[in-house]
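Listed in TrEMBL:
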type	residues	note
DOMAIN	72-91	domain 'Helix-hairpin-helix DNA-binding motif class 1'
DOMAIN	107-126	domain 'Helix-hairpin-helix DNA-binding motif class 1'
REGION	152-198	region 'Domain III'
Amino acid sequence: MIGLLYGEIEELSLDSILLVCSGVGYEIQVSQNTMEHCKQHSNIRLYTKMIVREDNISLIGFFEKSEKELFEQLTSVSKIGPKVGLSILSTYQVDQIKSYIVTANIEKLSKVSGVGKKTAERIVLELKDKISHFEIDNDAIEIASPINQTEDDAIEALVSLGFSKNESYDAVQEVKQQYTAQSLDELIPLALSKLSKV
């Protein structure tokens, strides 16, 4: 099996690259996250996963080892193939995906092309206990308890001001518990007041 390749990128397409290693060109499928690190005629090292089927052999490349490991976990889930696995990795960052799984955020997972509600639920069911909170960057953690769009927008606004995702979530939830504030214009100033006291 080919687990790692280092070479020069000869060609780029929408979702794959042609990587030349020691005179041999390998066509490698990549996620959009990995594609961001790819530039034509530049050298790159990719962790690879070979997919062998009756009628096809393909290579999938990953800029980070953690992305490859998550891909392997995702494709171990019933009815999740390489295409859907790459779609998930192209939609969110690795730590975001892990946090959505750990916190059972079905809404976020089901927004991925090719992943409906039932598939998202299956991903959470089969992988939740296999992913540790310690593997996830704290700022990437998304809380999966019921959260409406206004709260989500308020959290994103606070994050854009430099606060962490966790701090922002906690502040918004504290405001929701103490006040009757419902609109975005009410939530943000009150949450900022909470954060300024921390």
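The backbone N, Cα and C atoms fix where each Cβ goes, glycine too.
Curation plays no part in TrEMBL annotations; they are all automatic predictions.
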**OP:** On the DSSP side of things, how many residues of the region 'Domain III' (152-198) fall into helix, strand and coil, could you say?
**Re:** 36 helix, 0 strand, 11 coil
**OP:** Work out, from DSSP, the number of helix, strand and coil residues along the domain 'Helix-hairpin-helix DNA-binding motif class 1' (107-126).
**Re:** 13 helix, 0 strand, 7 coil
Subject >> Counts by DSSP class (helix H/G/I, strand E/B, coil) across the domain 'Helix-hairpin-helix DNA-binding motif class 1' (72-91) >> reply: 13 helix, 0 strand, 7 coil
